[in-house]
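The structure appears right after this line, and notes come after that.
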Amino acid sequence: MTIAVGRAPVERGWFDVLDDWLKRDRFVFIGWSGLLLFPCAFMALGGWLTGTTFVTSWYTHGLASSYLEGANFLTVAVSSPADAFGHSLLFLWGPEAQGNLTRWFQIGGLWPFVALHGAFGLIGFMLRQFEISRLVGIRPYNAIAFSGPIAVFVSVFLMYPLGQSSWFFAPSFGVAGIFRFILFLQGFHNWTLNPFHMMGVAGILGGALLCAIHGATVENTLFEDGEDSNTFRAFEPTQAEETYSMVTANRFWSQIFGIAFSNKRWLHFFMLFVPVTGLWMSSVGIVGLALNLRAYDFVSQELRAAEDPEFETFYTKNILLNEGMRAWMAPQDQPHENFIFPEEVLPRGNAL
């Protein structure tokens, strides 16, 4: 007698069917993360293109900010809402716009729309890297690295204005608008002297330096295994052997510096660690600015410079420049406040 042993058929529910469809092999992978990424990225980019094409910033900042008004690619922006709206999300159906699309554009409703969809789109992209890493069986360091840009975006566009009085003080989504925000951070927070900014600069420039050194060193030590003027075509993605000599690279840098990386895994972890840590540190600094925390204040130099007209340092010159930026920028940047500074309070000194 033959006994057949087998599993009872398992019923597949709608979740399993959807899971199979989302993870199907296609030119552009969708996945569960795609349910967040693609709609949010589409909305954020579409909102930005709409705003920069024909939406004015006259009612929020007193500025022209669209192609329709004569701005160009470097000066268009989706600008932040007016200061009076505080931290309202300015929903189209909310009490401010009341379902009126034109009014929603005028009061700056596109800014929170782009900011929030952009933030969730970036998070969706990081989840996409996690998901694909898991499916192909590799570690998720790409997603971990991408947490750096997400931290910067969230801290600059969301955390900073949340710590201030309104979304008005967030950067507008445009090249010149972000330049204005950088000048604002310097004038009102002395951002360049902040140690977290210094760590961010060290991380980004250090990462660029490591990238350049690594690329040049690999190019220097490629095996001459091709007949062409360059060795690019001699490489096969599936080849088992190395395409460059780590031993030669190690010997070269040992002669240059006296020390060199001898472990590829440690080398590449270091290239990951430096820029990502820089991004995270600068994000921490921005959250500090949101709370109006001060960094370095060399009060002794300021007091001596005030008493002794012959004593001045680069620090005291920068403090004067910051005072000038605040005095002349605030009336332009915040016209709704009607700032009027009498002549005697405007900074004077060798720096200006």
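The backbone N, Cα and C atoms fix where each Cβ goes, glycine too.
Membrane topology from Swiss-Prot places GLU11 together with ILE138 on one side. Looking at 32-53, 76-97, the stretch flagged in Swiss-Prot as transmembrane segment turns out to be 32-53. It is 18 Å from the Cα atom of HIS214 (plastoquinone binding site) to that of ASN142 (pheophytin a binding site). Non-local neighbours of the topological domain 'Cytoplasmic' (132-140) in the same chain are 23, 29, 31; each lies 6+ residues outside the stretch with a CB under 8 Å from one of its CB atoms.
Relative to the transmembrane segment (141-162), the listed stretch 109-131 leads the set 32-53, 109-131, 191-217 in CB pairs under 8 A. Of all the binding-site residues given, namely HIS117, HIS197, HIS214, the one with the smallest number of surrounding CB atoms inside 10 A is HIS214. Secondary structure of the topological domain 'Lumenal, thylakoid' (289-352) per DSSP (helix as H, G, I; strand as E, B; remaining residues coil): 37 helix, 0 strand, 27 coil.
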